Amino acid sequence: MGCKVLLNIGQQMLRRKVVDCSREETRLSRCLNTFDLVALGVGSTLGAGVYVLAGAVARENAGPAIVISFLIAALASVLAGLCYGEFGARVPKTGSAYLYSYVTVGELWAFITGWNLILSYIIGTSSVARAWSATFDELIGRPIGEFSRTHMTLNAPGVLAENPDIFAVIIILILTGLLTLGVKESAMVNKIFTCINVLVLGFIMVSGFVKGSVKNWQLTEEDFGNTSGRLCLNNDTKEGKPGVGGFMPFGFSGVLSGAATCFYAFVGFDCIATTGEEVKNPQKAIPVGIVASLLICFIAYFGVSAALTLMMPYFCLDNNSPLPDAFKHVGWEGAKYAVAVGSLCALSASLLGSMFPMPRVIYAMAEDGLLFKFLANVNDRTKTPIIATLASGAVAAVMAFLFDLKDLVDLMSIGTLLAYSLVAACVLVLRYQPEQPNLVYQMASTSDELDPADQNELASTNDSQLGFLPEAEMFSLKTILSPKNMEPSKISGLIVNISTSLIAVLIITFCIVTVLGREALTKGALWAVFLLAGSALLCAVVTGVIWRQPESKTKLSFKVPFLPVLPILSIFVNVYLMMQLDQGTWVRFAVWMLIGFIIYFGYGLWHSEEASLDADQARTPDGNLDQCK
C-alpha cells in the first residue's frame, strides 16, 4: 500500500502540462513588438553589470582580463539564448523556462525551474536597486552611505550586508507602482531609459580609449604601491594582495571565477521569453529579440570593461561606482557627472527589466496551481498580474535592504544557470520525440504571422508526417546505433531521454573533478585523471548516440542549430560556471530550495491544475505540444 502511494506521488511529480498554443486567448494585453523586446532585453541587461559589477570583478577576480570573463559569460548566454529562442517559437506563452520545463520534463522540474527564476528576478531587482542607490550616492557626495554607516549598521558578517540600503527599498517600491499601471506604459519608459543608456555607453567607450593607457594592462607588483595620478588607499582585495600584475593578475582561474559572476550581467535576455502572451508576433519577435539584445550587450560590456581598466589600475577601482571614479581619476571631473546621470537611466531600465518578468513567472505558476491562486489575479483595467507584481516587489525590497551586492549576484547566478541548463536539456529531448500521426500539426501563430510560403511549407510538412508512420522497433544495440526509421519513434525518443540524463551526470562529474580536484589533476593523481578522461569519453560516445537518432521534421520559425552539440555545450558551460561559485552561495541556495520544496509538497502538488485533468486524456510523448509546432 505504501509503495502504491509513493508511486502515485512520483507520477504526480512527473506529470506534464497540456498546452494548446493554437488558441490565442490570454488575460494579458498583446501590445509589444520586436523593437520593444530588444529594448526590454538591452535595458534589463545593461545595468548593474556594466556600471557596477565590472569594477568589482576586475578588482577582485580578473583584473584587465575581465574582457575575457565577459566573453566566456557571453558564450554561455548565447548558447542558452538560442535554446530559449526555439522554445519561444514553439510555446509562445507566459512562463519562460518554467513553462518549457513543464511541458517537457514534468511538474517537479518545472517547479524547481520556476522557483529558481523567481529567485533570479528578485535578486536581479535587489542588486540593481542597490547599484542605483550607490551610483546616486556617489553623485551627491555619499551622504546616504555615511548615514547608513552611522545609524544603520548590521552586525552579521558573512550573512547580511554591513549597511542596510533604505534608498534602494524606496526605488523598488516606486517602480513596482509603475509596473502596475500597464505593460505599454512600462515599455515606453523603458525605451527612453535604454536610448539614453546606449548613448552614455558609447561616450564611455570612446573616452576610455582616448584617455586610457595600455600600461594599466601591464602593471607589475612594484606598481601596487606607486600608482600614477592617484593614491590607492587600499590596494588589497578580499583575497589579499591584488594578484601578480599583468593582463591576467589572478591567473586563468580568476578569469573563470570572474566569468561566473559576469554571467549575471547577461541574465536580462530571458525576460523576453516571459512576454509570450503580450507580444503581437511571438514566434518571430522572441528569437530575434533575444539574439539581438545579447549581441548589443556583449559589445557594450566588452568595450566598457576594456575602457575602464585602461583608464585606471584595476586594483584602484571602486567596488560600488567604478565609472564616475575612473573619470575623476583621469581628470575629467565634468564627465563623471554625465556618466553618473546616464548610469541612473541605465540602472532604471535594468530595474524595470528585472521587475517585469518576475510577476509573470509567479502568475504562470499560480495559474497552474503550483503557487497560491490569489497570485494569479489580473487587474481588469491594466491587464497586469497586480497581486504578483506587488508581492514580488515587496520581497525584492526586503532583499535589497538586507543583503550585499556581490552575495546577491552570486546567488542569482546559480538559479539562472540551473534554469538555462534545464531549457537546453528540454530542447534536446523535445527535438527527438515522436509526433502523433493522427493529428494535423499547427504552428502556434497570431493571425498575421505566417506568409503564404510558410503556410504552404507547413502544409507540406504535415502531409509528409501523416503519410509516413514510424515502423515499430525493438530496443537493441542496432536500434541505438543505427535506427531504421527516418522519423522519431517511441524507442528513439526513450533513447534520447536516457542519453540526456546520462550526459547530465557525466558533465557534473567532469566539472566537479575539474574544479574541486584541480590540485589532484596537477599532481597527476590516477583517480582524477581516470574520472576526467572517462567522463569526457563517455560523454562523446553518448552524444554520438543522440546524433544517430532521427530528428523531428516539424517546422518552427526558429530552431537551435547544430543539434545535439550546441545544447550539450550549453549545459556544460552552465554547470562549469556553477561550480566556480563559493560554498556560502550554495548554502544560501539550499535554504531557498528548502523553502520552495515546503511550498510545493505542502500546497502545489495537491492544487496543481494538471491534477484536475482526466488521467486518461490522450497526451503526446513529447510533452503535449501537438498544437504548438
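Numbers run from 1 along the shown chain.
From the backbone N, Cα and C atoms, a Cβ is placed for every residue, glycine too.
Source: prediction; values computed, not measured.
Taken from Swiss-Prot, the feature N-linked glycosylation site covers ASN226 (among others).
Feature annotation from Swiss-Prot assigns N-linked glycosylation site to ASN235 (among others).
Marked as topological domain 'Cytoplasmic' by Swiss-Prot on the basis of sequence analysis: 1-35 (among others). For the topological domain 'Cytoplasmic' (1-35), the predicted model reports an average pLDDT of 70.
Counting same-chain residues at least six beyond the ends of the topological domain 'Extracellular' (58-61), those with a Cβ under 8 angstroms from any Cβ of the stretch are 69, 237-239, 242, 250, 254-255, 257-258, 261, 305, 308-309, 314-315, 317, 319, 322. For 58-61 (among others), the entry in Swiss-Prot reads topological domain 'Extracellular', with the evidence type sequence analysis.
Here Swiss-Prot flags 83-102 (among others) as topological domain 'Cytoplasmic'.
Long-range contacts of the topological domain 'Extracellular' (124-162) within the same chain, counting only residues at least 6 positions beyond its ends with a Cβ under 8 Å from a Cβ of the stretch, are 44, 47-48, 51-53, 168-169, 171-172, 264, 267-268, 318, 320-321, 324-325, 337, 340-341, 343-344, 347-348, 350-351, 354-355, 358, 392-393, 396-397, 399-400, 402-405, 407-409, 412, 584. Residues annotated as topological domain 'Extracellular' in Swiss-Prot: 124-162 (among others).
Counting residues 6+ beyond its ends, the topological domain 'Cytoplasmic' (184-191) has Cβ neighbours under 8 Å at 29, 31-32, 35-36, 39-40, 43, 178, 349, 352-353, 356 in the same chain. Per Swiss-Prot, topological domain 'Cytoplasmic' is recorded for 184-191 (among others).
The topological domain 'Extracellular' feature in Swiss-Prot is assigned to 213-246 (among others).
Feature annotation from Swiss-Prot assigns topological domain 'Cytoplasmic' to 268-287 (among others); the stated evidence is sequence analysis. Per DSSP, the secondary structure of the topological domain 'Cytoplasmic' (268-287) breaks down as 14 helix, 1 strand, 5 coil.
Taken from Swiss-Prot, the feature topological domain 'Extracellular' applies to 308-337 (among others), supported by sequence analysis. Here the topological domain 'Extracellular' (308-337) has Cβ contacts under 8 Å with residues 51-52, 54-56, 58-60, 63-64, 66-67, 131, 134-135, 137-139, 203-204, 207-209, 211-214, 216-217, 219, 223-224, 227, 229-230, 232, 235, 237, 242-243, 249, 343, 405 of the same chain, all six or more residues outside its ends.
Away from its own ends, the topological domain 'Cytoplasmic' (359-384) comes close to residues 17, 27-29, 93-96, 98-99, 102, 107, 110-111, 114, 117-118, 121, 179-183, 274-275, 391-392, 599-600, 603-604, 607-611 of its chain (Cβ-Cβ under 8 Å, at least six residues beyond either end). The topological domain 'Cytoplasmic' annotation in Swiss-Prot covers 359-384 (among others).
The topological domain 'Cytoplasmic' annotation in Swiss-Prot covers 430-492 (among others).
What Swiss-Prot lists as topological domain 'Extracellular' is 514-526 (among others), and the listing cites sequence analysis.
If you look up Swiss-Prot, you'll see 552-559 (among others) marked as topological domain 'Cytoplasmic', on the strength of sequence analysis. Residue counts of the topological domain 'Cytoplasmic' (552-559) by helix, strand and coil are 0 helix, 0 strand, 8 coil (DSSP-based).
Helix, strand and coil counts from DSSP across the topological domain 'Extracellular' (581-584) read 2 helix, 0 strand, 2 coil. Taken from Swiss-Prot, the feature topological domain 'Extracellular' applies to 581-584 (among others).
Per Swiss-Prot, the feature topological domain 'Cytoplasmic' maps to 606-629 (among others); the stated evidence is sequence analysis.
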DSSP-derived helix, strand and coil totals, residue by residue, for the topological domain 'Extracellular' (308-337): 20 helix, 0 strand, 10 coil
Leading contact stretch, 62-82, 163-183, 192-212, 288-307 vs the transmembrane segment (385-405) - CB distance under 8 Å: 163-183
Outside the transmembrane segment (585-605), six or more residues from its ends: residues with CB under 8 Å to it: 9, 12-13, 107-108, 111-112, 115, 119, 365, 369-372, 407, 410-411, 413-415
Touch test for the transmembrane segment (493-513) and the transmembrane segment (560-580), at least 3 Cβ pairs under 8 Å: yes
In contact by Cβ distance (the transmembrane segment (163-183), the transmembrane segment (409-429); 3 or more pairs under 8 Å): no
Result, the transmembrane segment (338-358) in contact with the transmembrane segment (163-183) (3+ CB pairs under 8 Å): yes
